[in-house]
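Taken from TrEMBL as is:
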TRANSMEM  A:141-160  transmembrane segment
TRANSMEM  A:172-192  transmembrane segment
TRANSMEM  A:204-224  transmembrane segment
TRANSMEM  A:230-247  transmembrane segment
TRANSMEM  A:284-302  transmembrane segment
Amino acid sequence: MRTNGFYDQQTTFSNAYSNGYNQAGPFQPSPVMSSQQQNNIPSPFFNPLQAQNLFNDPVASMAVKYGSNLADQGKEFVQQNVDKWFSISKLKYYFAVDTNYVAKKLFIMLFPFLNRDWSVKYSQDDGTAVPPKLDVNAPDMYIPVMAFVTYILMVGVTLGTQDKFSPEKLGIYASSALGWFVIEVLLILLSLQILSVKSALKTFDIMAFSGYKYFGMILCLMGQLVLPDAYYFVLLYVCLSFTYFMVRNLKLMILMGNNNNQNNNQNGESNPYEQSSYGNKRRIYVLLFISLLQPLFIWWLTFKF
Amino acid sequence: MVFGLYTLLEAGLLFVNAIAILNEERFLRKLRSNQNTQQNYGDPTSVSSQIMTLIKSVQMVMRFPLIFCNTVVILMLLLFG
């Protein structure tokens with residue numbers, strides 16, 4: 001519809017000029033508009049119906065139309081191409097958070113032994129996970145993204161207190177931290193694949209859980225700013241609490257994904273005991289591996305300051 | 001440790017190179033015979049079979065992109081040191 005209007009503009013542009021400036025809208029669909037233009041009564045109030053006709057100059061209004069056309073086409077183009085790599089709607093699920101959720105989640109990260117119920121709630125109508133606004137245990141990407149950026153800023157502050165800061169260093173530390181994040185996510189995905197652990201964890205879930213430890217890193221760096229020796233105590237406590245947090249969070253997702261495999265053996269016969277005990281040992285290894293990666297990376301990315 | 005994104009990318013490229021140039025005759029045959037006698041084509045989910053699958057798929061899929069990436073990196077190292 002809009003492209004038709006655009007082409008109409010081009011053919012009737014000469015008409016608009018010949019009839020005077022007030023007929024800048026032969027492409028306007030509503031008949032009310034054309035009558036208002038022909039009357040040429042400038043309204044003293046800002047009438048939203050006339051908002052499109054704010055420019056009396058047809059060139060400017062045509063430029064506005066063209067620009068908005070281009071923006072629409074660009075938006076469609078971007079959406080189509082980005083959808084090929086990952087779906088944006090699934091990403092939106094991870095950002096559906098509110099302040100209540102963020103506060104509770106940060107509290108759980110620091111004091112995981114106070115939380116009693118770690119199960120992720122599923123919605124009853126479509127069986128997918130409930131968005132993080134309604135369930136504290138659901139993973140989200142808002143905290144990891146914000147914590148990552150804050151961590152880089154904290155690194156800058158820490159370097160500044162030691163007189164070692166320069167703006168290039170921010171970029172260097174940011175790209176190297178991003179590189180380590182990618183390496184960690186790839187390591188976890190690789191271990192899940194090699195040990196053939198089928199779990200309910202999606203890639204975004206793994207990215208979310210790997211990103212939670214940046215909050216711990218921020219606390220370690222803040223502790224170091226207060227007292228240089230306090231860093232080790234804060235590091236110890238943060239490592240312990242994050243390991244416990246990861247174990248409790250992933251235990252349900254990894255160890256329970258095994259129940260779906262018990263009756264679906266490939267040969268058609270069910271060996272529940274043999275497969276479940278074999279599978280469980282691997283799952284425990286994967287769980288321990290993921291949980292122990294967290295304190296390793298917390299230490300690795302903060303010890304040099 | 002500050003490694004920089006480029007260094008990490010280069011390390012990744014070298015790792016994938018290492019997987020791609022594993023010699024078929026000397027090394028992979030031994031692994032494959034171990035796997036055959038052990039599991040008798042029964043268990044495709046064991047660790048060794050998964051690693052074999054991974055190595056085979058990396059070798060097959062990444063052969064062409066690896067040639068391209070290696071050429072690019074070699075040129076850049078030659079030009080910019």
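Here the Cβ of each residue, glycine as well, is placed from N, Cα and C on the backbone.
All TrEMBL annotations are machine predictions without curation.
Residues 108-113, 209, 212-213, 216-217, 219-220, 222-224, 287-288, 290-292, 294-295, 298-299, 302 of the same chain lie 6 or more positions beyond the ends of the transmembrane segment (A:230-247) yet place their CB under 8 Å from a CB of it.
Residues 148, 151-152, 155-156, 199, 201, 203, 206-207, 210-211, 286, 289-290, 293, 297, 300-301 of the same chain lie 6+ residues outside the transmembrane segment (A:172-192) yet bring a C-beta within less than 8 angstroms of a C-beta in it.
Nonlocal intrachain contacts for the transmembrane segment (A:141-160), taken as residues 6+ away from its ends with a CB within less than 8 angstroms of a stretch CB, comprise 91, 94-95, 97, 102, 105-106, 132, 169-170, 173-174, 177-178, 181, 204, 207-208, 210-212, 214-215, 217-218, 221-222, 224-225, 301, 305.
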